[in-house]
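So the structure is just underneath, and the comments pick up after that.
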Amino acid sequence: MTEFHLQSQMPSIRLIFRRLSLGRIKPSQSPRCSTSFMVVPSFSIAEHWRRMKGANLSQGMEFELLGLTTDPQLQRLLFVVFLGMYTATLLGNLVMFLLIHVSATLHTPMYSLLKSLSFLDFCYSSTVVPQTLVNFLAKRKVISYFGCMTQMFFYAGFATSECYLIAAMAYDRYAAICNPLLYSTIMSPEVCASLIVGSYSAGFLNSLIHTGCIFSLKFCGAHVVTHFFCDGPPILSLSCVDTSLCEILLFIFAGFNLLSCTLTILISYFLILNTILKMSSAQGRFKAFSTCASHLTAICLFFGTTLFMYLRPRSSYSLTQDRTVAVIYTVVIPVLNPLMYSLRNKDVKKALIKVWGRKTME
């Protein structure tokens, strides 16, 4: 009987609570009514619930990029400089990629790796520089939550892939100088393709872990990134939860990637140096060393800046230093790589002259 009575009263109860939630019921003005209450509108409850859920609401979230400078005149100057360097990066790496692709004389393992390096420089520079150019001229230097996550994923993927590819190029030089008679067997097309695919796989696996770890955190307050693109350390500093576990995980993976690549390079060049010193001819030693000069320069630039940037404690980060180093490995190195590998390489220059002569004759 009681159950039936409650069911019959449910419509009235729902109506009362609906009016309560909308703030439409007010206390009686009658003096006999001594009860008073305060109605909290449903909008306030919803707003409070959104705040309680945490700050990681991806819909509509934006990150404000602090950029390189706040001086408008300097921003316009940097826009011109960055645009010129980015154009040189695109043209230089595109020419190198196409030249190796169309020249039959360059279809060797060494140039296949160099072709992949040009592609990586083209790609990872393109994940950062276009957004930076837009922000130089924009009043609000913002990037969406998903845009920031996408930029970090592809940047980390291409940069880590390049780290492994440079190590593969060191192994290729070891095979060519220390085992010239077995070079075609050691660096067969299958092995070369495996090294390239392995570099990309390792790079994007690391990127998936890197990006997933950082963007699983909650971000609170002002989403101001103290950088000109979405990089790991500045984004981590915005989190409102404990990031120590994430930092340890990222440090382990970054350390493993850099340590494995660095050891491969050091062992390869130790064996190369040992072989060169045993050569009786001074001309032979010079020729062998000259084939490694461009690669050694690329190693010093890329690994020097990367080790400085990512294998430091968080407490030692300096905003000015980090921005300067980031400009070197995102803007300067991709410009220099095709120049270093082409200006000092006779095979590349011959192929370029041959292709250029063929085009002019047509």
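Placement of Cβ uses the backbone N, Cα and C atoms for every residue, glycine included.
Under DSSP, CYS148 (disulfide bond) is assigned to a helix (H, G or I) in the three-state scheme. Residues annotated as disulfide bond in Swiss-Prot: CYS148-CYS230.
Residues or ranges marked as N-linked glycosylation site in Swiss-Prot (evidence: sequence analysis): ASN56.
According to Swiss-Prot, the topological domain 'Extracellular' annotation covers 1-79 (among others). For the topological domain 'Extracellular' (1-79), the mean pLDDT of the prediction comes to 56.
Taken from Swiss-Prot, the feature topological domain 'Cytoplasmic' applies to 101-116 (among others), supported by sequence analysis. With a threshold of 8 Å between CB atoms, the same-chain residues lying at least 6 positions outside the topological domain 'Cytoplasmic' (101-116) that come near it are 165, 168-169, 172-173, 176, 187-189, 191-193, 195-196, 199, 341, 347-348, 350-351, 354-355.
Annotation source Swiss-Prot lists topological domain 'Extracellular' at 140-150 (among others), citing sequence analysis.
With a cut-off of 8 Å between Cβ atoms, the residues of this chain six or more beyond the topological domain 'Cytoplasmic' (172-194) that come close are 109-110, 112-113, 268-269, 271-272, 275-276, 288, 291-292, 295. What Swiss-Prot records for 172-194 (among others) is topological domain 'Cytoplasmic'.
Sequence-remote contacts of a segment are chain residues at least 6 beyond its ends whose Cβ falls under 8 Å from one of its Cβ atoms, and for the topological domain 'Extracellular' (216-247) they are 54-56, 61-68, 128, 131-132, 135, 143, 148-149, 151-152, 155-156, 210, 310, 314, 317, 319, 322-323, 326, 330. According to Swiss-Prot, the feature topological domain 'Extracellular' maps to 216-247 (among others), an assignment based on sequence analysis.
The topological domain 'Cytoplasmic' annotation in Swiss-Prot covers 269-290 (among others) and rests on sequence analysis.
The feature topological domain 'Extracellular' is assigned by Swiss-Prot to 312-322 (among others), with sequence analysis given as support.
Annotation source Swiss-Prot lists topological domain 'Cytoplasmic' at 344-362 (among others).
Counting only same-chain residues 6+ beyond the ends of the transmembrane segment (80-100), those with a CB under 8 A from a CB of the stretch are 106-107, 111-112, 114-115, 118-119, 121-122, 125-126, 129-130, 132-133, 136, 331-332, 334-335, 337-339, 341-342, 348, 351-352, 355. Annotation comment: Swiss-Prot describes 80-100 (among others) as transmembrane segment.
Residues annotated as transmembrane segment in Swiss-Prot, with sequence analysis given as evidence: 117-139 (among others). Remote same-chain partners of the transmembrane segment (117-139), defined as residues 6 or more beyond its termini with a Cβ less than 8 Å from a stretch Cβ, comprise 65, 67-68, 75-76, 78-79, 82-83, 86, 89-90, 93-94, 96-97, 100, 147, 151, 154-155, 158-159, 161-162, 165-166, 169, 228-229, 330-331, 333-334, 337-338, 341.
Per Swiss-Prot, the feature transmembrane segment maps to 151-171 (among others); the stated evidence is sequence analysis. Long-range neighbours of the transmembrane segment (151-171) within the same chain, counting only residues 6 or more positions beyond its ends whose Cβ lies under 8 Å from a Cβ of the stretch, are 110, 113-114, 116-117, 120-121, 123-124, 127-128, 131, 143, 195-196, 198-200, 202-204, 206-208, 210-211, 214-215, 229-232, 235, 257-258, 260-262, 264-265, 268-269, 295, 298-299, 302-303, 306, 329-330.
Positions annotated as transmembrane segment by Swiss-Prot: 195-215 (among others).
Sequence-distant contacts of the transmembrane segment (248-268) (same chain, at least 6 residues past either end, Cβ-Cβ under 8 Å): 160, 163-164, 166-167, 170-171, 173-174, 202, 206, 209-210, 213-214, 232, 299, 303, 306-307, 310-311. Annotated transmembrane segment per Swiss-Prot: 248-268 (among others), in sequence order, evidence recorded as sequence analysis.
As annotated by Swiss-Prot, transmembrane segment applies to 291-311 (among others).
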Tertiary contacts of the topological domain 'Extracellular' (140-150), as residues 6+ beyond its ends and Cβ separation under 8 Å: 58, 61-67, 131, 211, 215, 225, 230, 235
Residues in the topological domain 'Cytoplasmic' (172-194) grouped by DSSP into helix, strand and remaining coil: 20 helix, 0 strand, 3 coil
Chain-internal residues near CYS230 (disulfide bond), provided their CB is under 8 angstroms and they sit 6+ positions away: PHE63, LEU65, ILE143, CYS148, MET149, GLN151, MET152, TYR155
